[in-house]
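Chemist: Grabbed the feature section from TrEMBL, which reads as follows:
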type     : residues : note
COMPBIAS : 338-352  : compositional bias 'Low complexity'
DOMAIN   : 283-325  : domain 'CUE'
REGION   : 329-352  : region 'Disordered'
SIGNAL   : 1-20     : signal peptide
């Protein structure tokens with residue numbers, strides 16, 4: 001792997017120089033594609049006759065930071081730079097700089113003007129706005145790419161490589177490039193789909209949802225309502241909890257959730273005793289029972305409703321502890337569980353913003369001014385609830 005990495009770094013420099021020296025043409029794309037195969041980037045396509053059949057906007061799912069480079073090896077297209085500082089790095093990665101730093105409305109107007117010139121290559125856009133590994137589902141499509149023109153052509157991308165996962169969550173494009181050079185090969189499968197026109201009086205949001213469903217069916221994955229902002233928030237939470245001394249997470253008795261499949265993160269979900277093909281209601285009930293054991297005073301229906309949205313035990317517990325999901329506490333009518341101690345009762349009552357009787361550890365009497373203090377107080381309440389559940 002290290003030998004391949006060193007060798008391919010030198011070859012990659014030559015590939016970059018050749019792609020910069022030659023003008024955009026069929027000859028250039030063929031030469032660069034052959035040289036990329038030496039780098040371990042193997043590009044395959046299905047239904048090439050549908051490629052660029054009059055479409056001015058390509059819509060693709062996002063798997064790796066190099067999806068736009070791979071598609072540009074098959075057909076001429078441009079992808080606008082949506083993030084990152086403009087300059088040499090942005091240009092060298094193959095992005096098109098529009099000089100628009102304002103809102104999405106200004107970006108759409110600039111892309112409409114670009115598409116109005118027939119001599120410009122088609123646009124390649126990624127409505128997910130964040131990369132996933134493409135094995136579980138698609139992030140919710142943004143509507144702005146569907147406001148440019150009334151007809152788009154979906155492009156389904158699938159990527160596989162041996163030994164190393166594709167699109168590891170929270171990794172940079174440089175890391176992905178080095179792993180691509182390190183492994184023996186990475187196969188990109190590009191499937192061209194028929195163009196999809198906008199229906200009469202169809203809003204951009206509905207148009208985006210319809211194209212997302214078509215791409216999900218083509219890829220054999222689910223069409224989720226998880227947005228790129230949700231992904232960013234999830235990764236922030238994972239990074240933050242990993243630095244804490246008490247970080248509730250999936251232990252050895254738990255499997256992997258849809259978040260892990262989508263983003264590469266870890267999230268406790270269904271015990272291994274349940275088969276992977278169990279019905280959805282059984283899986284949700286199994287997760288709800290786990291949350292109920294930790295938070296016995298929370299109504300089961302409230303837990304199930306939030307689990308349908310999060311599909312993650314830890315996220316639901318955090319939502320309930322942090323007050324994002326309102327509920328009325330249930331009284332302990334069964335009596336088969338031991339009554340919580342004073343400190344545990346104080347931690348449980350902290351969910352609703354109140355503090356019970358004094359415990360061995362002083363409780364916070366007022367709302368902390370510092371965000372760090374508030375978070376530490378939250379972690380103490382979480383620790384008490386988890387300790388109580390383990391007993």
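Note that Cβ sites are derived from N, Cα and C of the backbone, with glycine treated the same way.
Heads up, TrEMBL stuff is auto-annotated, nobody curated it.
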Chemist: Just give the helix, strand and coil counts over the domain 'CUE' (283-325), going by DSSP.
Modeler: 32 helix, 0 strand, 11 coil
Chemist: State the mean pLDDT for the domain 'CUE' (283-325).
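Modeler: Average per-residue pLDDT within the domain 'CUE' (283-325): 83.
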